[in-house]
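Report on the following structure.
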Amino acid sequence: MDTNEEIVIPQKSELSEGQDDITLRRQLRQKYRDVIRDTRKESKNLAVPSDDRLFQKVQCSSELFQSVRQAREGALDSHLLRLVSEISKAKADAFQAESVSFDENIFISKLQPLISYTPNSETKQGVNSWNKLIDICHPVLCTCPPSMTIMRGSMEVSPPKPRAKREHPQSQKSTNVVSKPKEVKKTEISHSDDTKTAVEWLYKYLQVACDEVGKVFIWDFIIDPESYTASVENMFHLTFLIKDGRCDLFEEEGWIYLKACKGMTEHEISKRHHRQFVFSLSQDKWQEMIQEFNIQDALVSKQPTNSI
């Protein structure tokens with residue numbers, strides 16, 4: 001198939017109404033097959049960098065694609081396009097290889113006019129002027145005069161002195177004495193003198209409150225209707241009385257009561273049955289307790305300031 005000839009696709013007006021579409025499709029597919037066959041046959045010549053016929057193949061494919069309507073025609077167009085792409089890649093690789101290669105004959109033919117080469121028929125040797133070549137290459141190769149600034153390194157023959165290593169602060173931590181936290185012994189965990197005084201003060205009023213009935217309701221004893229802070233302090237100091245065995249905490253009919261007791265020894269405290277109660281007293285709950293249990297007076301009066 002000659003790619004220079006004009007591609008003619010029959011028009012619908014040239015064919016009968018029932019035959020136009022089938023005939024057009026067949027002719028288009030045949031055109032595609034011819035172009036693919038010729039392109040595959042000439043693939044080696046088309047990959048040569050000096051051959052320009054590959055562009056004509058692309059133009060031919062573009063003209064045929066304008067009449068594509070069915071999937072079979074699209075498959076042929078894709079086949080042709082893939083074949084042209086492979087040849088284009090081979091042609092690009094040939095361009096790169098040609099640009100990198102060095103041709104001695106071309107180099108000599110271009111060098112002869114520069115150095116005024118004149119062959120001598122008698123001696124079969126040429127008379128040339130290499131000085132001209134030096135004059136031509138010198139401005140290009142020697143762009144700056146030689147000086148000390150282009151030299152790298154020091155002019156001293158002796159080797160450089162080793163630098164002292166700087167110790168980082170992290171490496172010095174290992175040499176320092178590691179400070180250890182102070183160990184708190186069990187005997188040192190005890191309440192202060194002020195707390196002892198407050199606990200004794202609370203124990204005295206607990207004995208008074210338990211003299212008549214032998215027990216007292218815990219909230220009646222703890223809550224001070226005039227001071228939320230005093231109520232919290234009473235709860236705190238009560239824990240020491242329970243811990244030392246001087247106050248018994250028990251439950252009766254769903255309510256918790258307190259009872260004053262004599263002090264126990266450590267041996268008795270270790271043998272008794274332990275139960276835990278968790279109390280929380282917020283300011284809102286403190287006001288709610290006052291109204292709920294109608295607490296009007298505090299059973300534990302405040303300590304004098306000079307007694308603490």
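Glycine residues also receive a Cβ, built from the backbone N, Cα and C atoms like all the rest.
Annotations in TrEMBL come from automatic prediction, not curation.
Model, not experiment: these values are computed from the prediction.
Taken verbatim from TrEMBL:
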- 180-189: compositional bias 'Basic and acidic residues' (COMPBIAS)
- 77-111: domain 'Nse4/EID protein Nse3/MAGE-binding' (DOMAIN)
- 218-299: domain 'Non-structural maintenance of chromosome element 4 C-terminal' (DOMAIN)
- 155-189: region 'Disordered' (REGION)
Practice problem: Tell me the residue counts in helix, strand and coil for the domain 'Non-structural maintenance of chromosome element 4 C-terminal' (218-299), as DSSP assigns them. | Solution: 37 helix, 14 strand, 31 coil
Practice problem: Work out, from DSSP, the number of helix, strand and coil residues along the domain 'Nse4/EID protein Nse3/MAGE-binding' (77-111). | Solution: 32 helix, 0 strand, 3 coil
